[in-house]
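Reviewing the structure listed below.
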Ligand SMILES: Nc1ncnc2c1ncn2[C@@H]1O[C@H](COP(=O)(O)OP(=O)(O)OP(=O)(O)O)[C@@H](O)[C@H]1O
Ligand SMILES: C[C@H](N)[C@H](N)CCCCCC(=O)O
Ligand SMILES: [Mg+2]
């Protein structure tokens with residue numbers, strides 16, 4: 001045992017990290033990230049759920065992803081500790097940035113995530129839209145995940161078409177030699193075409209970490225009961 005370690009002062013755990021992507025925009029990445037943040041907090045302690053780049057301000061002047069994730073973090077975080085670039089138009093972030101005369105700075109984003117991860121037990125970083133959504137002329141969220149070297153969690157929004165979107169996304173993740181931590185089956189509708197889930201279970205190249213039912217009013221704490229933590233964190 002290291003001399004600084006005692007029973008009251010156990011050895012520091014390594015930072016558990018995930019990059020959360022999805023099969024599309026609006027498939028439940030924020031819902032799953034917030035639920036996972038609750039689960040991590042119960043099991044590990046301090047959790048930062050980050051949305052480094054967000055687009056689409058709401059009528060109330062807020063970006064709901066940032067509000068959801070900053071309050072799902074433990075301890076809860078400020079807006080500035082959760083998001084680096086907040087863009088108004090509800091469009092692809094690189095385009096929204098260009099309209100505002102901005103270039104999204106890759107190194108700043110990476111440094112922001114690293115700084116916000118300090119002293120945390122876990123960090124969860126949500127993308128925007130799907131895995132290959134651009135952040136600039138020649139880089140995308142996939143490159144951000146690669147630069148961070150975070151394992152990737154894929155949120156699969158369950159509706160007709162999900163099989164193809166999920167397999168394409170998984171292929172893109174694995175083609176970059178990024179570890180795929182798993183995928184989450186998120187029911188976006190009360191009904192699902194027969195065979196969709198069974199086919200995903202059979203063909204997806206990583207473990208399913210949970211199946212979240214369609215429930216519009218569910219809290220993050222409630223949704224967290226359907227999720228397991230990835231084996232790559234063991
Ligand atoms: N399991 C579910 N049951 C019912 N509604 C859900 C479920 N999961 C997500 N939703 C709802 O679907 C909408 C889209 O979800 P969410 O905002 O999490 O998507 P997203 O992938 O984060 O989108 P974006 O690309 O904009 O970040 C939200 O209104 C959310 O509350
Ligand atoms: C506005 C939306 N909710 C997200 N923030 C941005 C989604 C970008 C998707 C780009 C695309 O794949 O066409
Ligand atoms: Mg979101």
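Each Cβ is built from the backbone N, Cα and C atoms, and glycine gets one as well.
TrEMBL entries are annotated by machine, without manual review.
Residues or ranges marked as active site by TrEMBL: 51. The Mg(2+) binding site annotation in TrEMBL covers 30, 65, 126. What TrEMBL lists as substrate binding site is 55. Among the features that TrEMBL reports, ATP binding site is placed at 65, 126, 127, 128, 129, 186, 187.
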Binding-site residues close to ligand 3 - of 30, 65, 129, only those whose C-beta is under 6 Å away: 30, 65
Filtered recorded positions, from 30, 51, 65, 126, 127, 187, whose Cβ is under 6 Å from an atom of ligand 2: none
Pairwise Cα distance for residue 30 (Mg(2+) binding site)/residue 51 (active site) [Å, integer]: 9
Annotated recorded positions 30, 51, 55, 187, filtered by Cβ under 6 Å to ligand 1: 30, 187
Distance [Cα-Cα, Å, rounded] between the residue listed as 'substrate binding site' and residue 187 (ATP binding site): 24
Cβ contacts of residue 187 (ATP binding site) (under 8 Å, same chain, 6 or more positions away): 158, 211, 212, 213, 214
